[in-house]
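Features of the protein shown, as given by TrEMBL:
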type: DOMAIN; residues: C:127-425; note: domain 'NADH:quinone oxidoreductase/Mrp antiporter transmembrane'
type: TRANSMEM; residues: C:6-23; note: transmembrane segment
type: TRANSMEM; residues: C:30-50; note: transmembrane segment
type: TRANSMEM; residues: C:76-96; note: transmembrane segment
type: TRANSMEM; residues: C:132-150; note: transmembrane segment
type: TRANSMEM; residues: C:162-195; note: transmembrane segment
type: TRANSMEM; residues: C:207-229; note: transmembrane segment
type: TRANSMEM; residues: C:241-261; note: transmembrane segment
type: TRANSMEM; residues: C:267-289; note: transmembrane segment
type: TRANSMEM; residues: C:301-322; note: transmembrane segment
type: TRANSMEM; residues: C:369-392; note: transmembrane segment
type: TRANSMEM; residues: C:412-435; note: transmembrane segment
type: TRANSMEM; residues: C:456-483; note: transmembrane segment
Amino acid sequence: MMRALQTLVMALACLAFTGVLATSIWTISGNPTPVNLTQLLTENMGRSGVEHPVTAVLLNFRSYDTLLEIGVLVIAGIAGISMAKTASLEDPAMRTSDSLLYALQRWFVPLMLVLAGYLLWAGADRPGGAFQAGAVLAATGVLMRLGGSPMEFLRPGLMLRLGLALGFTVFLLVAVASAIGGDAFLAYPPGMTKALIVVIETVLTLSIAMVLLALFVSAPVNDAEDPEEGAPS
Amino acid sequence: MTLNTWIPVLALMTSLIASLVIFALPEKGYRLRTAVNLGAALLKLGLVVVMVWGVFRGVGYGVSFTMVPGVTFVLKADAFSMMFAGLSAVLWLLTTIYAVGYLEDSPNRSRFFGFFSLCVASTMGIALAGNLFTFFLFYEMLTLSTYPLVVHRGTEKALKAGRTYVIYTLTGGAVLLLAIAWLHGVVGDLPFREGGHFTGSDPDIHRSLTLIFILLVAGLGVKAAIFPLHGWLPQAMVAPAPVSALLHAVAVVKAGAFGIVRVVHDVYGVDASSALGLLEPLAWLAAFTIIYASVRALWQVDLKRRLAFSTVSQVSYIILGVSIFGPVAAVGGLVHLLHQGIMKITLFFCAGNYAETLGIHRIDEMDGAGRRMPGTSVAFTIGAFGMIGAPPLAGFITKWTMGSGALAVNMDWVVVVLVASSLLNAAYFLPVLYRLWFRKPAAHWPHERQWGRLETSAWLFWPPLLTAVMTVMVGVLASLPFSPLSWAELIVLREYSP
Amino acid sequence: MTLWLMAGLLFTPLAWAVLTLLMNFTWGRLVTWVGIVVQVLVSLGLWLAVSRDGGFYYGLGGWEAPLGIELRVDGLAVTFVLLTAVVASACGWHAGVYIDADKPWHRYFWPLFWFLWSGLNAVWLGGDLFNLYVGLELISLSAVGLVALGGKAGALRASIRYLLAALLGSLAYLLGVALIYGQFGTLSIAGVVFWLEEHPVPAGSSLALALMVTGLALKTALFPLHRWLPPAHGIAKSPVSALLSALVVKASFYIAARLWLELGEPLGNLAAAQLVGLLGSAAIVWGSWLACRQLELKQVVAYSSVAQIGYLFLLFPLTYSVSESVTLQAQQGITLQVISHALAKAAMFLAAGNLILSTGSSRVDALKGVSRFLPFSLFSFGLAGVSLMSLPPSGGFAAKWLLLQASLGSGQWWWVLVLLVGGLLSAAYVFRIYRASFLESSETDHFYHPPRSLEIIPMILALLSLGLGLVSAEVLSVMALPFEEEGSP
Amino acid sequence: MTTPLLYALAGALLCGIGLFGLLWLRHLLRKLLAFNIMGSGVFLVMVGLPQHQSGPDPVPQALVLTGIVVAIAATALAVVLIRRYYHLSGMSSLEDEPSPRGDDPE
């Protein structure tokens, strides 16, 4: 009875919320926006170093967002591997010996690798970019993992951590390089914008894939634990 | 930045730094701790003497800076602050000596003396505060630094008393803060000034001023133990004797009384307070407290509790004195700040001696103690007679001045109160004295300790005798310059003719 | 010079996060200590630079708003940057000694710590609504990671609860950002304010502010959305608890306050302002009451955070349609409250950690009889308590004084009662701890004295919080600096 | 009514559904899914609303891309936490926890 009442109240509250939100959206959609960012963006595209506006926003105009966002991803990776089994990643339960999966893997893995490369390359002038490519790359890894490839490099060790940090580090070094030269943080040196963005995108692809894969792999947990403060250990 | 700006700061710092040093000292560093304690107390006494001389000649001591936007932190020495500072400096020295003997071999002495010094630093700050904001700062610091002293013994009873104490004083502090903040909102930052600020003030704010005055007195009245806010004081008697002595004679109750005098004299001004019709009710309240607490004291069987109710009664003399609109009565009230301090500390020292040497806590155990401890008992007797108001002791000066002051402004009922209170004082002190001197001692004392040649430890023996001598001296030599009475006359002169 | 300082401020924590990720705990500690020195120097330098020359906008990547992201470097922001540097370095120093270096997963403490720091700086300086969202997520995720680090089921439950609350809060905030962008076409707070100054308020955008403030209130643990906080702050390791209580909850509050001060007047309304104040008051009462009833030392401190956070939300009613001087007083009071609570609470958690280490128990009554061992940390705890009770001369007192003035000045006398009662209630739980420690007991016969460095850190923080009241006029004067509206330096 | 506006309104609906799920469901994984639904709703509003007014706008698209990555990170972290919690305590919801007050005998 209580639960039903609770449900009803919650449902009504959420319904009301939806209603208010929709009304607000409807009202706002009738107002003109005072700032036309799209136009500003188009005017500055020439200085952005890439042709595709989304990529320009992500890696140039609002690159600080992207830098921090990779940070968020790395944090998730760190928190994930901090709970992983350190001894071995081999979890027999995760292995399958399905022949269909095996066949699928043989066909798909190369294809997916190519796709990832394409997405990365496409990012410069059409939809695509590091995230999409990284996600596909990670999916490839997941497939291989499910198919039973050991993937020793994912063991929480220096290699994994280097991989996690690689993209972020390169991005950060580029960001600070121009600042040392007296320009703003995250500014690209003139003339090198395009090259640097490509480099960043490439390493980011690798790192993003690595983080996602590490999070997938770190699902088995270690049993060792800290005693709580003050508890007898 | 001349020396004159620094002297008040130094006077404050001596005990503050002493406190920090003592906290840092190991528990076993007995000699060093005593040396630091006494050294700081002497140094402070010296600084206060310098300032008293300076204030007498009209030198301005003071320092101020903006603390929070809109409010300044002011330390300033004027005649009234020197009265309180002098009292606290002298009695700190004596109480320290006494406490060293009293707490010999007991645990947690570093903690005790650390907070003890902190408490004196707060008292010093209260004395030297130049506006209500600064006063409040040290007033709350006093609450915090006395709590560990009240609960020092760490027994359930002590902790319970500590809780009562904290509830009373912090609530009082909150009310006081409200009043100060409100006053600040109405008229801004007011430095203490002889003659006050509100003579001829805008009638629009009179209602606020009246309410604020009530809140101020309520907030300060907790520490001054005005009826019905006195409940914490008898309970706080579980504290060690030096603490009771300090709490009752110097620090806490006097801080409250001092604050009320400050508000009446130096914030509102006697003229304005009287014009607002605030003094008369205050006088009635004080008079009621005097009688009520004296009656309560009659029924106490515990010596320290009887003394505690006596304190409640005696502190209200100060408030009664300032709330009579006339210079002579004000002198009587102010001088009692010192007189009561000296007399009451004598009595508490003696009570502590009886407890520490013979294990006596209750009055019916005191039979014949005068023969076993003649020195202490003589001091006790002088203190008690002083309280009763026997000439030529300190209490007599107070009551005489106050009575003639009341007659001068046609408040004859005050004299009735004074006489009644003296009779009650006699009624609760004389039986004690009778037991002390004229009853036969019991077969053995509850818990006796031996200390060689003297009747008790030398640390415990001399302080009460000294304060008893002072009780006699301030009475006999009241007309000399720099006696409490002359000093109080100086204060009142500056107040009534600013 | 200022440019380099800015770059250093942004670069150092992120770079150190990467560096320490590649090391084990012991090396990470060493490197972190070096990084702390660098970061403190940079923060101090920036603070000095701003207090000398005034604030400025810093366009990242050389792009100006609205196209790029601009950081707003003003007196308030650099003060908080400096505060973060002080508190975080204290916690980092403490953690280096406190945390067990032998557990392999503790190596991840350092990168999370540095990411947290960078997120905090991003929030203090942020002038872009979406960038603030990313900063908030950076903080939340690293904070959750720190709470969960190596924990048992209890810690995990607390961190999951924390994560879900933080995520929901972020989403509500992001939804508000989406509406703002839909309405104004820009993400720069300054841009929105600039436009609103000259135009009538468009219909339908109040919801955006309401959503953002609600989301941030959830992340700040405003009553009744506070349930996630005590378990998370209570169960984390003490240096982590200190970071969370001192800084992390302040980050979301800071954004909410900034939004309210900039957009509250056009987009808010009186009822909402009063409601938020009312919830803050309820938090003060309810949090203090629960703090009085906790049996575990750190839970007391955690519930005290719930109560102290309540004070912060009095900013909303005290700055809505009141005179300029009252607004200023309220802002100054709240700023002091944030700073002094950050210092005092960090001191308290670190001291509580030491006491737990010493007595071997996390319960309040384990303090019985320890006073004879002269526990230094108990003293620090007590001093920090003075600030929480907002007794003079602490920063908490100065804050309370200003808030009292603001309430009286605006005629909203009911907050005066809240402030006074709140002070007494906090005294109730602080004195409960004092009381426990003064109780004499002959049973307590052993007491482990932690290393000196562990004991000194909370003392420094407590003294800072206590002394803040004496210098509050100077501290606040930096915040009132002229702000250079045009362009970058 | 344009298509982007429809997206935005659908987003509002998704927000409501997600919120309900987040509050009402008990199983942690379901809560997490509800969070993702709500997140998608927010992203839809974010992209739909501005595009209704001024045509294709790459800025919100980029923002949403960033938002998605952040959401992925958060979701992944949550899954790791939930799994470990399940592993250690055998519970998959927060409901049957001991009372948050400190006085339980734990």
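Note that Cβ sites are derived from N, Cα and C of the backbone, with glycine treated the same way.
Between the transmembrane segment (C:132-150) and the transmembrane segment (C:241-261) there are at least 3 Cβ pairs closer than 8 Å, counting only pairs 6 or more residues apart in sequence, which means the two stretches are in contact.
Residues 9, 29, 32-33, 36, 39-40, 43-44, 46-47, 50-51, 55, 109, 113, 116-117, 120-121, 124-125, 237-240, 242-243, 246-247, 250, 254, 335, 338-339, 342-343, 346, 350, 353, 453-454, 457-458, 460-461, 464, 475, 478-479 of the same chain, all 6+ positions outside the transmembrane segment (C:76-96), place their C-beta atoms under 8 angstroms from a C-beta of that stretch. Residues of the same chain lying 6 or more positions beyond the ends of the transmembrane segment (C:241-261) and with a Cβ under 8 Å from any Cβ of it are 80, 83-84, 87-88, 90-91, 94, 113, 116, 119-120, 123-124, 126, 132, 135-136, 139-140, 143, 146-147, 169, 173, 189, 209, 212-213, 216-217, 219-221, 229, 232-234, 268, 298, 301-302, 305, 309, 312-313, 315-316, 319, 331, 334, 338, 341-343, 345-350, 353.
Highlighted: of the candidate stretches C:30-50, C:207-229, C:267-289, C:369-392, C:369-392 has the greatest count of Cβ pairs under 8 Å to the transmembrane segment (C:456-483). Sequence-remote contacts of a segment are chain residues at least 6 beyond its ends whose Cβ falls under 8 Å from one of its Cβ atoms, and for the transmembrane segment (C:30-50) they are 1-2, 5-6, 8-9, 12-13, 16, 19-20, 23, 73-75, 78-79, 81-82, 84-86, 88-89, 92-93, 96, 110, 113-114, 117, 478, 481.
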